[in-house]
Amino acid sequence: MDLIKNHYGAVKYERSERWLKAEEYLFYFPPLRFNRFLLFPAALLIQLSVGSLYAWSGYNLPIEAYIYGRNGGVDRNISTNVFYVAVGVFGLTAALLGPWLERRGPMLGCLVGALFFYAGNLLAGLGVYTQHIELVIFGYGIIGGIGLGIAYIAPVSPLQKWFPEARGIAAGVAVCGFGGGSIIAPYSQKFLIGVNYHKTGEVGIVGVPLTFVILGSIYFVAMTLSALVLRMPPPGYSVKGITIDTIKGAESFQGKQPMIVAVGKTDEDKTAAEETTALEKAPVEDVEGTANGNFDVNIFSMTLAESLSSSEYWLTWFMFLGAQITGLLIISKIQSIIQNQFKRDADTAALINSLLGGANLLGRLVLPLLSDVLPHVSGGVAGRKSIFLFSLVTQAVCLSFLPLTIDDQRFGGFLACAFIIAFCYGGGFGVIPAFLADQFGAKNVGATHGIILMAWASGAVVGGLVFTEVLKKQQVKFAPNIVPIYDLNFRWILGLVLMGFVLCIFIHTNLRDRRMPHVEGEVLRIRFINGRMIRFYRTGKIQMLSKHEEDVEWSDYLRTIGH
């Protein structure tokens, strides 16, 4: 138990003065200087490599044909389990090694991840060659999954720390390549394996086993070279007064004395305001404690343990599960649905899979950027939480229409829903690191982000197994008609999406909502769309506070923590 507490306790990355000096240079020695913007192309290459996971559906039919023999291209729903295992191990690894990554640095983390992912690809190729699906599952699913989990979070954490003033776009660029992996990988797979190998047995360039070796080698080189660029900011690094400790809403308190603003119109309110000092900047060394009445420079910062034990974190965890499970399960079966339900050829399926990856990538860029812009254009009323609410509602609508598009063979309608879901799916991954940095501080994002990915992984393992089992039973029920076999799966997934929407409503993102003490009898509080606080009481009473009432309570609270 102590080992777990220590592992998820305070995280601190320590470097020697000599190493800090070396990190000023791109390759750790003169003459090329390091620039924080170089992290973007490095992150892109890493994520393009590990993002090849999303092209796994292109392996399903060829692997089954190689190991079990050709059957006309019908999906046996066996190789899909490799994808679900890989995603499960991916999430578990990210959750377990997030704190380790924060302590040891992103370069080492990425190098370890590259090595495991490479080994996983080699073992998967060997498993196919020897016709042992168990070795494919162990190699790509477990060993490769470990590498995916470490390598995925490696560039995310430093980018959140180097770009605290633009957390949304930094997160989006950090993970956009993961969606882009499914744009490039399907074509390289088909080219190397053979477009119609699963139907005719005609080999492309090298066949199934060596495809894992060749692509795995390319990914390993790209990830290893990119890892050398990754590094954490030096101690004391800040941009526009925002540090790795700063949480959303606390920027104005960074390194300042307590501020009580005059919010009332009465003489009593004005007197209370005058009795406190207003926004006087103080040197950092003068605000290291609160004994003299000053705010600590990190008065609102949270430790990793505080973050992981908060209700906001676990509401976010389950909300993220609801927001991501739809895209996850559809991406894993998209090529099979196109070929089996809509009777399109393998080339069309590969093209759609790539376009879906483009929608995924676009979502990872557009929605995080929008999450940075929204607070400024809405006066702080909308933000990253609004993005998740939009995503969940949109996916719920699409899920309601998907069964109809398949049953009525409306290919265009199906693609529209699939592309929208992929866009929202990618956007969720792009926004979540910045959302976590806002809520719990960038210093904890490696660990908080790693554990939040367990929600996605749970959706893959548990949701994937349920999805496959339901699919098999529906195949038996509707045989020989395979068109409506996905309908039931779409319905239970819709329930999870709606659950995520409800939970998202109750995630507090406003600093006042999170820190201001509850009044007597209060059981719940939320923010209305106009930005006003609404309180719910045990007696059934519902109260919407005026801005003046809220400001007075906030000032009283600041006064108490300033003494």
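Using N, Cα and C of the backbone, Cβ positions are placed for all residues, glycine too.
Taken from TrEMBL as is:
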DOMAIN    35-512  domain 'Major facilitator superfamily (MFS) profile'
TRANSMEM  37-56  transmembrane segment
TRANSMEM  82-101  transmembrane segment
TRANSMEM  108-129  transmembrane segment
TRANSMEM  135-154  transmembrane segment
TRANSMEM  166-185  transmembrane segment
TRANSMEM  205-230  transmembrane segment
TRANSMEM  314-338  transmembrane segment
TRANSMEM  350-367  transmembrane segment
TRANSMEM  387-406  transmembrane segment
TRANSMEM  412-436  transmembrane segment
TRANSMEM  448-468  transmembrane segment
TRANSMEM  488-507  transmembrane segment
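The transmembrane segment (314-338) makes contact with the transmembrane segment (488-507), as judged by at least three Cβ pairs under 8 Å among residues 6 or more apart in sequence. Among 82-101, 108-129, 166-185, 387-406, 82-101 has the largest number of CB pairs under 8 A with the transmembrane segment (448-468).
Remote same-chain partners of the transmembrane segment (37-56), defined as residues 6 or more beyond its termini with a Cβ less than 8 Å from a stretch Cβ, comprise 26, 82-83, 86-87, 90, 110, 113-114, 117, 147-148, 151-152, 154-156, 158-159, 162, 173-182, 184-186, 189, 215, 218-219, 222-223, 225-227, 229-230, 331-332, 353, 357, 360. Summarising model confidence by region, the domain 'Major facilitator superfamily (MFS) profile' (35-512) averages a pLDDT of 84.
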